[in-house]
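Since the structure comes first, as structure tokens, the remarks are kept for the end.
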Number of protein chains: 4
Amino acid sequence: MLGPQVWSSVRQGLSRGLSRNVRGWASGEGKKVDIAGIYPPVTTPFTATAEVDYGKLEENLHKLGTLPFRGFVVQGSNGEFPFLTSSERLEVVSRVRQTMPKDRLLLAGSGCESTQATVEMTVSMAQVGADAAMVVTPCYYRGRMSSAALIHHYTKVADLSPIPVVLYSVPANTGLDLPVDAVVTLSQHPNILGMKDSGGDVTRIGLIVHKTRKQDFQVLAGSAGFLMASYALGAVGGVCALANVLGAQVCQLERLCLTGQWEDAQKLQHRLIEPNTAVTRRFGIPGLKKTMDWFGYYGGPCRAPLQELSPAEEEALRMDFTSNGWL
Amino acid sequence: MLGPQVWSSVRQGLSRGLSRNVRGWASGEGKKVDIAGIYPPVTTPFTATAEVDYGKLEENLHKLGTLPFRGFVVQGSNGEFPFLTSSERLEVVSRVRQTMPKDRLLLAGSGCESTQATVEMTVSMAQVGADAAMVVTPCYYRGRMSSAALIHHYTKVADLSPIPVVLYSVPANTGLDLPVDAVVTLSQHPNILGMKDSGGDVTRIGLIVHKTRKQDFQVLAGSAGFLMASYALGAVGGVCALANVLGAQVCQLERLCLTGQWEDAQKLQHRLIEPNTAVTRRFGIPGLKKTMDWFGYYGGPCRAPLQELSPAEEEALRMDFTSNGWL
Amino acid sequence: MLGPQVWSSVRQGLSRGLSRNVRGWASGEGKKVDIAGIYPPVTTPFTATAEVDYGKLEENLHKLGTLPFRGFVVQGSNGEFPFLTSSERLEVVSRVRQTMPKDRLLLAGSGCESTQATVEMTVSMAQVGADAAMVVTPCYYRGRMSSAALIHHYTKVADLSPIPVVLYSVPANTGLDLPVDAVVTLSQHPNILGMKDSGGDVTRIGLIVHKTRKQDFQVLAGSAGFLMASYALGAVGGVCALANVLGAQVCQLERLCLTGQWEDAQKLQHRLIEPNTAVTRRFGIPGLKKTMDWFGYYGGPCRAPLQELSPAEEEALRMDFTSNGWL
Amino acid sequence: MLGPQVWSSVRQGLSRGLSRNVRGWASGEGKKVDIAGIYPPVTTPFTATAEVDYGKLEENLHKLGTLPFRGFVVQGSNGEFPFLTSSERLEVVSRVRQTMPKDRLLLAGSGCESTQATVEMTVSMAQVGADAAMVVTPCYYRGRMSSAALIHHYTKVADLSPIPVVLYSVPANTGLDLPVDAVVTLSQHPNILGMKDSGGDVTRIGLIVHKTRKQDFQVLAGSAGFLMASYALGAVGGVCALANVLGAQVCQLERLCLTGQWEDAQKLQHRLIEPNTAVTRRFGIPGLKKTMDWFGYYGGPCRAPLQELSPAEEEALRMDFTSNGWL
């Protein structure tokens, strides 16, 4: 396994046949920040009394920091952000900023239901050190979240944000797919970098890449289950819950895709599908945290109303890892 | 149209063939508060700069207070609660408490995503004068919101709440139906009064009434579109967005149902279906607020990302009222 | 329990507060056939080798014929019509015609995927004695089944059918709701009598009754679970799988609704919800046929690929009847 | 563009990095037929009076036969099979057999709702010359189509079929996804070759390939929109409506994938997504047939209830081709 430093140069040195141009990290005039790469969406550790455990957060980050990730997503869906107070959200991001290696990116989830609250949270996230804001679609009034409403929302946020914005569509949680036409319109905004798409429809991902090809718009797959397919279609990376436990393997899959070793990539991708489903759709964050405990990280409890896995669920979770050779 | 006072005695004096026993408002030992009746879920007025307009809120309440409502729901979905800060949520409830007639009930929406935050908000709602807390299902992690998780959540909230709790299921917003088996279990909790069901499946409403018949569990229809059918199946009232604009008519429908005038009830119900759909599913809160402007209340703008209706939508909205003889 | 003869005069003599005008059975010029009443959708009995068992069909009909049904639906979804050949479909209808009491209506399912095949089957159904054709929405190409396409389909069928047509919408099987605007347009066709709506959305049923009130358009509830609510909203009857086993009770529910005994109706309706769900959505035709065996009818096996219930399913099915006092 | 002959040797000579072993067409003992490659699902041409136009069918096949397809799918969803009589279904297959080049495969859709009818149709399809039967999931009773029921159905069909069977899952039409566990079980049947999956979930396709890797089980993508991603995950070909109009391009995409030219593949795939959606989900068979008219094939009318495109739809359809450089 390559170390992070070497990895970084590999990543930038590669001809990157299937992805778009790689740009330097420091964005110059007109250049957008390059977000290509793999990110674990870090979980928020809690104590037995459901307080945020910042010590365990730092321990997890120290371990994750040894892997060749492009950066970290903080306050994504796996961060239990809807269960945190505003000040907890900011404190967690602040701690991650202080703890994580300096050469990585910090993408902070700053989405709220109202446009105004999202703007304020985004500004605050910038102040505590986020490199970019990942903004989930508002969803409670999904029946009225037309393309026009979403374009208005994201434009306002991007206009007022001191840091670049990444769109975030996660229909399993929001019941809402950010429409392709809205994405295409928003891709033209100078302060919108790209998108994290967790829906799993790679035809859609391909279409988004295709229709934004004249913009500098970068698509990240929102899950390791369709990471290889997303690379094939033109995505430049992934935000993968599974990278919290099989981080080296997800980065290895990235490398195989970027270097055109598609046969080996396929074999590895195949072995990651069931574990990935297990820590996402099937058993959710309780499953992810339980698995983190197995893999030497601190998982711990979720905040209520999320419940611990039942013994039968835990057994099924374990099987999804053992049957693919990971445990 | 009867005045509120007369109405109250009518309501209590009726034999109430189709509903369960009516109890006095002051709950004695072992008796649960009677929540039977009609409630408008009040909207939150905003100024042109999107500040809460407490003056307009009070004006609306003065007008609504002349109608024979059982009470008011504050911070329901129509109150744009996801767009309010915690302090705004409490201040709105506090103002409504001070403004509304003393003999009515104030049901305050106190649901948050985490159990802990919901408990805290519920306690605060009690402190600012809510008679009961209406608690929406947490939904962001709906894939893990099993019956067990929801039972745990509501039990905790009800255990720790100083005021009674009303369950609130609104799948159009949450993507989640509170399962019947969870409702039946929760109906046995001494501090859970009943449920507001906005799903529109009256078979389900009938089943809930049937399976909780040994408990003192009261079901409110969550919309005027299926209000009459819900009365037929054993619901005791409704929380109806439409009551913000056609309040007298919705109360008239209640009276027709309670006094067994089913033919007239049917005719009135028929004429309310399209207007009701228009201010709920079809055009949402922007449609409701626009209609309020037409009917002499203050509607005004929504907070972003909710958008104003387009001229074509506004025309269609108007047609849904004119074609049924309401405008 | 009243006998069929008495029932018929009761049905016609009632003031029928909640339904539309009752018309004589023999349709004169301009008058549409009155289809008000309860219908069991008869099942198709099979032998152990999966042949149609016409003898058992006749036995079932003799028993069902003693109940005060308005008529029989043959080749509805419960008749396993997609598993029958064209000649079997016709032979079953022919046998039912010969066996059933002369004073009842025979509604025959004649829907096919293509308009042409539906026309031909409808004509054939008329020839073997159907009084009206119940035509399910075509559904395989549901993505293209716009209102315009469905209006075209049904208009063609109604134009060419020698017998009146009843629209049939059953989204649980077809994945398609016949849109309200299409129903309203089609209600004006002189050879379209009404509609069987199995979707369970009584707001929709109310709206259809309301918007077709100037036509002679009759709505039948497609399931016993929402029968009372449908009467309340203006439906004139029901086609109820449950009537194959609890026929007297379903007719009793009809009588209570028609005579305005809503309290008793509610109590009876409540006790029918779980048994109804059990023989429809929950356990399907295998559940219905198993229950028929318990209630003195011939249920027998389904054709493959429908499978027998597992012992656990059978136990749950039984519980849905025993817990409501029916077994 | 390579001719078919050359293509065939290219196809067989390739190292086929991403697909499984290529086997000779003539299946020996224990060897399953190799179905790897691209297939157009041929449409059924109709005259202005809605008769099958066998002459036009033959003309289309002569043109399609010049392209390097592995074979033809007849009576897939695009063949309007639900609108054909049994004898038309067989006659169409028979004509295709006689007309198409001898060295190609003929996969005939033989699915019916009942197991028995499917067996009979499959046997008949073999008699008129089908090389394999493509069997769609029965779906009208989808609520009871458990894995057990589907395994039973397909096992029976495969046991009794004289030709190999290909599973066919097309949720857009059937509302039903053949469950992965059922596929895995069925992959062990000696007379089941593989599967056509039209659902578009490539994570699922990858999982199926992974979990059937010890069987000789071949997966075909059911649409050109996710063809490249499917190859990346281990599919061996595709049945693509779009191949009826852009056949050379779809075969070119196959070649690019098989020869590892992923960059060019991605560019071509991108340009095919919108045209593919246009002739499938967006405008259905009427869209496909209209496009065939533009590309020198005979499209012609569909059988009712499928309607012609409106002028606005036709314009949008054209735009999906012109904006990608195909018209």
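Keep in mind that glycine also has a Cβ here, set from the backbone N, Cα and C atoms.
Pulled from TrEMBL, these are the features on record:
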| type | residues | note |
| --- | --- | --- |
| ACT_SITE | D:Tyr168 | active site, proton donor/acceptor |
| ACT_SITE | D:Lys196 | active site, schiff-base intermediate with substrate |
| BINDING | D:Val239 | pyruvate binding site |
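The structure, with features from TrEMBL marked on it.
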residue: D:Tyr168; record: active site, proton donor/acceptor; DSSP class: strand
residue: D:Lys196; record: active site, schiff-base intermediate with substrate; DSSP class: strand
residue: D:Val239; record: pyruvate binding site; DSSP class: strand
Distance from D:Lys196 (active site, schiff-base intermediate with substrate) back to the residue listed as 'active site, proton donor/acceptor', taken between C-alpha atoms, in Å: 5
Cβ-Cβ neighbours of the residue listed as 'active site, proton donor/acceptor' (radius 10 Å): 26
Residues near the residue listed as 'pyruvate binding site' in space but at least six apart in sequence (CB under 8 A): D:Ile38, D:Tyr39, D:Pro40, D:Pro41, D:Val73, D:Gly76, D:Leu107, D:Met134, D:Lys196, D:Ser198, D:Leu220, D:Ala221, D:Gly222
Cβ neighbour count (within 10 Å, all chains shown) around the residue listed as 'active site, schiff-base intermediate with substrate': 29
